[in-house]
Structure formats: structure tokens, C-alpha cells
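**Q** To start, I am sharing the structure in question, which I have written as C-alpha cells.
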Amino acid sequence: ALLSLAALTPAGGASAAALPVVINTWAFRRAAETAWRVLELGGSELDAVERGCGQCEIDQCDGSVGYGGGPDESGETTLDAMIMDGNTMEVGAVADLRRVKNAIGVARKVIEYTKHTLLVGESASLFAVRMGFPYEDLTTQKSLSLYSEWLNRSCQPNYWKNVVPDSSKSCGPYKRPEEVTYREEQTSSQRSVRSHDTIGMVIIGVNGTVASGTSTNGAIHKIPGRVGDSPIAGAGSYADSTAGGAAATGDGDIMMRFLPSYQAVEYMRMGTDPTVACQKVISRIQKYAPKFFGAIVCANTTGSYGAACNKIPGFTQFHFMVSSPLLSQPTEQVVDCI
């Protein structure tokens with residue numbers, strides 16, 4: 001049953017449609033393989049999302065997922081993750097999770113054992129321990145080295161503005177000046193490109209059940225306490241078994257303001273092809289932040305899928321993974337940015 005084809009072709013012809021389908025951001029092959037294997041062995045869509053994203057946490061994908069990467073400006077690595085059940089619309093999420101490696105696993109427990117949606121910070125870590133997750137050091141020699149190099153560059157780049165001392169030239173501690181002279185916000189793509197990567201995954205089961213999830217250690221050198229789009233339902237990812245699912249990656253501080261994953265699913269609900277839905281979401285953000293770094297993957301309940309990204313210097317194509325009965329193995333695909 002797993003490998004049965006849904007003999008449907010999307011209106012736009014962007015992707016042949018078959019179920020089940022696994023799609024995830026970036027060329028994170030082992031994550032795709034792990035999720036697909038869970039489905040093959042009879043696991044649920046939520047199981048596959050949890051295990052697939054969890055594989056990236058173990059592998060420290062691109063240094064942007066899991067422990068040992070993306071230290072904040074105090075040198076600590078913290079994690080954000082979410083998982084969503086498209087049948088019940090339940091969401092479990094954690095943000096600013098400290099000293100616990102399996103962030104998406106903790107997010108799943110938020111669904112299973114609480115009536116809440118999002119737990120944050122130290123309290124999220126205490127919840128994780130109650131659920132049986134061990135405390136572990138998320139710091140590695142690599143993350144310490146990244147932090148040390150950043151300090152040696154006078155803490156450049158960073159996420160402060162309109163403060164004293166001048167955040168573009170020196171480290172803090174910063175404070176609000178007595179007289180504020182607002183300057184245009186730094187929009188340099190040098191800060192953004194490949195510094196906000198996330199594993200975002202969407203799974204459409206053989207019966208059309210949708211699940212999605214994300215995991216990340218957030219923007220490198222972020223201000224402690226910062227939460228991006230990844231653990232926010234509708235921003236980092238969204239799943240609805242009556243329409244489809246989507247997952248975003250990129251500059252979460254900008255992207256989360258537009259709820260791109262929710263918007264993409266709503267476009268697909270109206271019959272928009274997944275590729276076009278992804279493109280429309282990117283175009284919407286471009287109007288306000290033309291230099292933003294970001295991409296999104298989309299899949300509908302027939303198994304048709306697509307992706308889109310914003311074209312900026314150094315980022316002209318977006319690579320993502322797809323697993324489908326029409327493919328002999330999880331396959332890396334690429335789309336030109338718009």
C-alpha cells in the first residue's frame with residue numbers, strides 16, 4: 001500500500017504526484033532517508049517527521065541544526081523545534097531549549113503530555129527532563145571556536161541596532177542611547193546567507209494525512225532569548241490534512257512576520273499548484289524585504305510538491321530532498337530562485 005501511486009498530475013505539471021511523499025529543506029539526505037524508512041516500516045507520519053528531523057539533530061546538519069553549532073552572543077547553543085499533526089491540528093513546540101539535544105522529540109512530548117503548544121527556555125528544559133530526556137552539553141569545540149572567532153571580529157556581525165556603543169564596530173554590553181538616531185537596518189545578505197538554516201520537513205501519508213516539523217539552533221550569534229520562525233506554527237511549518245503542508249527556511253526574523261507556511265497551505269487549499277503557492281509566498285515577502293534570505297517547500301494531499309526561494313547574491317538556487325514512490329531513492333532536487 002505504501003508504494004501505491006495516486007495517478008494524478010497537478011495542473012501546473014510541476015511534479016508528478018504519488019503518495020506517500022517526504023519533502024525537506026536543503027540536501028539533508030540522511031534526514032529524508034530516515035523519514036522514508038519509518039514510513040516503510042509502518043510508522044506514522046508524525047513518527048517519520050520526528051525521526052527525520054531528529055536525524056539532522058544527530059548529524060548536526062550544516063551546523064545549523066542540533067547541538068554544537070550556531071552559538072548565541074553569549075556562546076551558548078540553544079534549540080528551537082516544532083511538530084504538527086495535520087489531522088488534529090495539534091502543535092508541539094519548544095524554543096530557546098537549553099542542554100537537551102533532541103529538540104523535536106521534546107516538541108512531540110508537548111503534544112502527547114500537555115494541553116499546551118509552545119514551551120520556552122529553562123522551563124522547557126525542565127519539562128524535557130520530566131519526560132525522560134537527559135541533560136547534555138550542547139557546546140562543542142566547533143561552537144566554541146565559532147564564538148571565539150566572532151569575539152575576535154569585534155562581535156561582527158550581530159543583531160543590534162540603534163544602541164551604544166556602536167554595534168557595527170564593537171562588542172557590548174549595549175544600551176539604549178539617550179537620544180536615538182535611527183539608522184537604516186542592516187540588510188546585508190552577508191549576514192543572512194546560510195546563517196539561518198533549518199531542517200523543515202513535510203510528509204503526506206499514503207492516505208493523505210499530513211504532518212510537518214522543524215528543528216534548528218537558530219541564527220548564529222543571535223541575542224540570547226531570540227526565537228525565530230522555526231517553532232512558530234504557520235511560520236516555520238504548517239500541516240493540514242485537508243489541504244497540504246509547507247516548511248520554511250531562512251531569515252526567520254523576517255519570514256515569521258508573514259506566516260509563509262500557513263499562507264502556502266491556504267493557497268494550495270484554493271487549488272493553487274504547490275510550486276506556484278511557494279512562489280507566491282516568496283513574492284509576498286519580497287515586497288517588504290527584497291534582500292531577505294529564504295526558501296519554502298510545499299506539498300499537497302495528492303502528493304504534488306514544489307519549492308521556491310528568493311534570489312539574492314550568493315543564493316540563486318535552492319536544494320531540497322524528495323522521497324516518493326516515483327523515485328528509486330530519496331532524491332536531491334533544485335529550483336532556481338525568483
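Including glycine, each Cβ sits where the backbone N, Cα and C put it.
Copying in the features that TrEMBL gives for the protein in this structure:
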- T198: active site, nucleophile (ACT_SITE)
- R226, V227, G228, D229, T249, G250, D251, G252: substrate binding site (BINDING)
- 1-16: signal peptide (SIGNAL)
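Please situate the listed features within the shown structure.
**A** There are 32 other Cβ atoms within 10 Å of the Cβ belonging to T198 (active site, nucleophile).
With a 10 A radius on its CB, D229 (substrate binding site) counts 32 other CB atoms from all the protein chains.
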**Q** Work through the binding-site residues one by one (G228, G250, G252) and point out the residue whose CB has the fewest other CB atoms within 10 angstroms.
**A** G228
**Q** I need the CA-to-CA distance for G252 (substrate binding site) versus T198 (active site, nucleophile), whole Å please.
**A** 10
**Q** Return the single residue from the binding-site residues list (V227, T249, D251) that has the minimum number of other CB atoms within 10 Å.
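**A** Sparsest of the binding-site residues V227, T249, D251 by Cβ contacts within 10 Å: V227.
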**Q** Please give the greatest C-alpha separation between any two of the substrate-binding residues R226, V227, G228, D229, T249, G250, D251, G252, in angstrom, as a whole number.
**A** 16
